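Annotation comment: Swiss-Prot describes 40-48 as motif 'Q motif'. Marked as domain 'Helicase ATP-binding' by Swiss-Prot on the basis of sequence analysis: 52-238. Sequence annotations record features per position, and here Swiss-Prot assigns ATP binding site to 65, 66, 67, 68, 69, 70, 71, 72. According to Swiss-Prot, the feature motif 'DEAD box' maps to 181-184. What Swiss-Prot lists as domain 'Helicase C-terminal' is 249-487. As annotated by Swiss-Prot, compositional bias 'Acidic residues' applies to 340-365. Annotation comment: Swiss-Prot describes 599-618 as compositional bias 'Basic residues'.
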């Protein structure tokens, strides 16, 4: 079975140190330590144990550590501590007392919201001395209002921060701490130019002296090395390699399948509970996410859809509820906007070379045809002129660009996710590393399973086909090389315990469900979901502010029901169960063990006497006879 137990592990923790003992107990304010204890921070992780003391000493730090290793606390705790120390030496009446002293730059809105939430939890016992504001989302007018009080910590994306600095809505004259989280992603999203303009000494936005820098990244790419000189001065470089026990917590598998059989496999995995615990299913576009959700709903599998079309508050609320155990399955759209330009260029170059060789003869034929067409189409003499040939019309399909600051695959802290399923293989190896980084976090074990479509199987079924699957084999080779290089491990092929043929018994049920999920119904579900989430996000915002407990009753996994409902698909017959998986102890996987035939008629206890009469031959009753 594909089940993986989420057993806690100390592989990522440094047991030699404790937040309640020196040096941390003497370096960090007691109010911050109590807040950390409330969040179950007993021992620091490796990156926290190394980075926090260095940052508190005033040194710049460049740290490379995998996702889920606790990088957020490694820079937030020193930032809060330095603000508390600075305010302790100033009078509350002084003009310098309330000022923005720390800037946190992140690549996505979701990560900004998460960092803001963590910062508020860390400072909850500081009596309002440390104010934190997230300006990554929201309009300019709202951001100006938030910045009027000169918050101590501002969390933003580089583009938003640059806009605020240009409009003079934010002053950084008292800035003393600058942290960049997920630096490799921030650069891959195209924020390098914005970051360069922010750090330009001629602009005068960032003080030339007295600003401590911190760069956190999952990888140390050439781009990260390139901006090191912009942000850091003589930094301490931490390249933290995890012990073998930590890297082995993630079990990575793949299986070759057709585009249609993806739906069969995901149905078998989830409905028969071959993967236990909470799962994140990644797809490559928004339409694909709704198609998977509607398909799974046919079998009674509840799941949430998360994509950049939904309001930020809804997306973040889904993550919080997933972490609390409210939802077990999330279908997340990872459109990979702007990621890994170099790798994509290499793929395009390879494709262009192969296509160029094949199209040489076609180009020559096309040139000859053009010459013949020009000779035949010479304009006739006279005042009337032929209408000029119009340029080729643009395709009618509306090309929707993904929001580069919205992604659940990158930097978001999913806790206790036991598995990640790449329903659609990502476009690049970097995207793969960040997707599988959503599981096996904080010392817990995890499983990653990827569906790979062979080139010869791509495009055979247009109804369920996706363009990105055409490159699955090339991308997967890059993924295997990178996994081998960075973690010295291999992605193993999943053999389904030699019983993949027995899955065919479920195919007819998959076909029935997939036929009901048409393109029209997917579009209807897409509109309904956005409308519903906008209503929840905007109309009820004031209500939830006054009644925070009511927010826990807001559900995101409600069935969309635009597809034809087939209730029999929700129950798996018992004759199918033993062939693929053992029945779990304590009951059947199915909601109902079986439905037997009843001898009773539709009207209840009814016999030959007609409606309401007793069964068998009885004495006839004369309705006119007086009793």
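Placed from the backbone N, Cα and C atoms, the Cβ positions cover glycine too.
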Additional residues around ATP, ordered along the sequence, whose Cβ is within 8 Å of the centroid of 65, 66, 67, 68, 69, 70, 71, 72: 45, 47, 216, 218, 441
Per-state residue totals over the motif 'DEAD box' (181-184) - DSSP helix, strand, coil: 2 helix, 0 strand, 2 coil
Neighbour-count leader, CB within 10 A, binding-site residues: 66, 71: 71
Counts by DSSP class (helix H/G/I, strand E/B, coil) across the motif 'Q motif' (40-48): 3 helix, 1 strand, 5 coil
Of 67, 69 (the binding-site residues), the residue whose Cβ has the fewest other Cβ atoms within 10 Å: 67
Folded-back contacts onto the motif 'DEAD box' (181-184), same chain, C-beta under 8 angstroms, at least six residues removed: 71-72, 75, 104-107, 111, 115, 215-221, 223-224, 227, 410-411, 430
Residue 68 (ATP binding site), number of other Cβ atoms within 10 Å: 24
Other CB atoms, at most 10 A from the CB of residue 70 (ATP binding site): 20
Mean predicted confidence [pLDDT] for the motif 'Q motif' (40-48): 91
